[in-house]
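Asker: Quick one: structure below, then a few questions.
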Amino acid sequence: MDFIIFLFTLLKVLLSTSVVGDPACRKTCGSLLVKYPFGTGCGCGSPRFYPYVTCNSDQLLLTTHTGSYPITSISYATSTVTITPPYMSTCNSMQQSPNLGLDWASPFQLGPSIIILLSCTPPTSSLIVKGSPVCDPSSSNLCASIYTCPSVVSLDLPLFPPTNSCCVYSPANFNAQGELDLRQLKCAGYTSIASLQDYPTDPSKWQYGVALKYTNGAFDDYYINNKCNTCEASGGVCGYAPRGNSFICACNGGFNSTTDCYNNQNQIIQDEDEYPGVIWSSTSLPTWNVWLGLLAALFLYLAT
């Protein structure tokens with residue numbers, strides 16, 4: 001008898017979790033407003049942006065083949081995000097850095113940042129990629145400014161060193177592997193300036209970060225123009241059904257709608273192809289294999 005009670009109790013719990021709204025689909029991650037095409041987890045936002053962008057412990061992260069990078073700002077108007085790689089140098093803290101890279105399959109590309117390579121093997125005029133110099137001599141004043149920061153000593157450079165080991169990186173994108181390859185360039189570290197903040201000679205007041213542009217693509221443009229704006233206006237979070245990537249509007253109370261949340265009690269999505277008649281949230285998919293296993297165990301017990 002105890003075994004039967006246990007089975008029915010566990011089955012009830014599993015059934016209840018299949019209709020509860022997924023708390024991972026949120027409108028914010030930390031202090032950042034999260035809107036389509038971004039999402040806070042699987043089934044949230046656009047499938048093109050997952051798993052590149054996720055929310056982990058109230059920190060929105062961009063993950064690529066070279067690491068995970070905190071996203072510090074998003075401009076939906078200009079389709080730009082700014083990341084702050086943890087090993088990137090700033091005026092207050094300079095350090096040796098691993099390569100920075102983007103996945104070519106992702107919807108991101110290098111934006112209008114000013115990247116400065118630090119502590120390179122001089123002369124920087126020898127820094128060449130595919131036969132072309134990569135340093136911009138017209139911006140050497142930025143090297144003179146960043147090298148006034150006392151933290152240059154952390155890169156084994158003396159205070160106020162000559163700027164012949166500093167390079168303002170001029171290519172518009174990364175190499176064929178999608179990386180800023182510091183080892184190939186023979187540089188110890190880098191910094192990236194998202195904005196000079198109207199202080200072109202005061203590196204302590206610059207805004208540091210790597211600006212990235214993102215593209216929605218036809219898939220996202222279609223849903224933004226036709227469904228997502230309506231969903232968000234109704235208080236919902238735009239998302240997708242992981243099995244077919246069809247659009248959903250995740251609403252409060254654990255209901256997913258095909259359009260909006262104004263009448264979410266009557267607009268419940270059902271995965272009719274694989275799970276007929278079962279309501280599910282954006283990431284808490286029904287686990288029929290578990291249920292069937294429990295029922296089979298119950299019948300086997302009754303038969304004996």
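Cβ from N, Cα, C; glycine included.
The model shown is predicted, which means the values in this text are computed figures rather than measured ones.
Sharing the feature lines straight out of TrEMBL:
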type: SIGNAL; residues: 1-21; note: signal peptide
type: DOMAIN; residues: 249-261; note: domain 'EGF-like'
Asker: For the domain 'EGF-like' (249-261), report the average pLDDT of the model, please.
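Answerer: Computed over the domain 'EGF-like' (249-261), the mean pLDDT is 84 on the 0 to 100 scale.
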Asker: With helix taken as DSSP H, G or I, strand as E or B and everything else coil, how many residues of the domain 'EGF-like' (249-261) land in each class?
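Answerer: Going through the domain 'EGF-like' (249-261) residue by residue, I get 0 helix, 6 strand, 7 coil.
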